[in-house]
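Undergrad: So TrEMBL says this about it:
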COILED    25-59  coiled coil
REGION    67-187  region 'Disordered'
COMPBIAS  84-99  compositional bias 'Basic and acidic residues'
COMPBIAS  106-138  compositional bias 'Basic and acidic residues'
COMPBIAS  148-160  compositional bias 'Low complexity'
REGION    332-432  region 'Disordered'
COMPBIAS  332-375  compositional bias 'Basic and acidic residues'
COMPBIAS  376-386  compositional bias 'Polar residues'
COMPBIAS  387-421  compositional bias 'Basic and acidic residues'
Amino acid sequence: MAEYAEVAQRTDQAEAEMAQDDQALATMEADLMAAEARIEAAEARYERARRVIERELAEMSTTVEAKVAAGQPASSDGVAVLDEDARADKVPTQRESHATKNTSARSEKEVSRDKWVAARAAEGRVRERAVKAREGLRRRARDRKLQAAELPAGETPAPEAAEEAGPEAPQSAAPKPRTAQAVETPAVKEGAQGIAARLACLKDRPNAAEKRAALVKVVTCGRENYYTFEPADVLQDLKGRGLLENGAVEELSALLAEPAAAPKPAEVPAEGWAAGAKKASEFERLDDKPFREAEGAYLRFVEGKSLASAEAELEAAEVQLGEVLRQAEARYGELPKDAPEPAKPVVAREPEVDLDEAERLEAQHDPDAHRESRGLKNTSALSSKVVSKERWESARCKEERDREHEKIAREARRAEARDLKQGAADVPDGDA
């Protein structure tokens, strides 16, 4: 049970790590989308600034040429002196187009469509990368989980310990079988006395159904089906300690053997109801009080004893089985001289399948083989684009149905061929 608990804990830890990796991956996807948006904005600003600079240079060259032609002074290198501050104040602030290059010959819908297609393609690439990364994380987590589940606890080295030890670390021998050791402490003795005192108070219950329900609650500390031992084991342990008498143990064991029934409330006369209710509110049974930690420790001690006894029985059965197998090998290990020779293997032949007949049967049983689409009715009020879309969807649906039908027929042919091959291979020993 401890090994199973360790495997379950490692599985939960692996699932928690995978959830954290998924969350980190989602954060990375959001950061990537934000980075792409910032890159697009930077590219747009660059294009806008480039156009502004080109326009300024063109105007500057035109102005210089006009001034030189008019005889105005120029700089030493032949360029007229310009007022850069005034030129900077005249930079246009209108919004520039974010369309792609060479879009003057295309309509706005085409440009918008191209932008939409590019955005969807970028989203698809990001989504595919996210899916591949998530699948890789899940695959690695699944491999670690399977490795931890298949190997015993003693043969599963921690990753840090394996890295520190290196390849020169000696291989440990086969793991020793785990033996549950139940240690009796003063808390266990105190818990046993508390359980025995609670069981002694069960005789005050009004009917057998309430007694049985209270008995199950006491011997399990209110956790029915939680411990691996049987409730009768607690009674036998208390009997061995001398805290319960033989008659009490037999009576409680008989109560446990009876099927569980719904408890019926005791009948209280109408004239004494108020007094009975007041008396019941002031009275508190010992078996109804909250359980203490010592009582839980005692139940864990009983569970450890039951596990130790079960493991001892299992080891004894394994030893006995090994002895029986050795005796059987010693007695029947050698074959008699007149034993028949082993049968020769039968060479399977490939089945002969008539593909033409299979295609004919497929076309005969296909409901859509001879059915042509006549379009949708009452399409006079619809636009040509809507009608074209409906026809396209109908054609795609038909293609999908045909593809699925071909897949089913192909699987049926393969199954038939596999059955024929298996039938040819399964030959009785007498016919070999």
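Including glycine, each Cβ sits where the backbone N, Cα and C put it.
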Undergrad: What average pLDDT is reported by the model for the coiled coil (25-59)?
TA: 89
Undergrad: Please list the DSSP helix, strand and coil residue counts for the compositional bias 'Basic and acidic residues' (106-138).
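TA: For the compositional bias 'Basic and acidic residues' (106-138), the helix, strand and coil counts are 31 helix, 0 strand, 2 coil.
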Undergrad: According to DSSP, how is the compositional bias 'Basic and acidic residues' (387-421) divided among helix, strand and coil residues?
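TA: Result for the compositional bias 'Basic and acidic residues' (387-421), in helix, strand, coil order: 35 helix, 0 strand, 0 coil.
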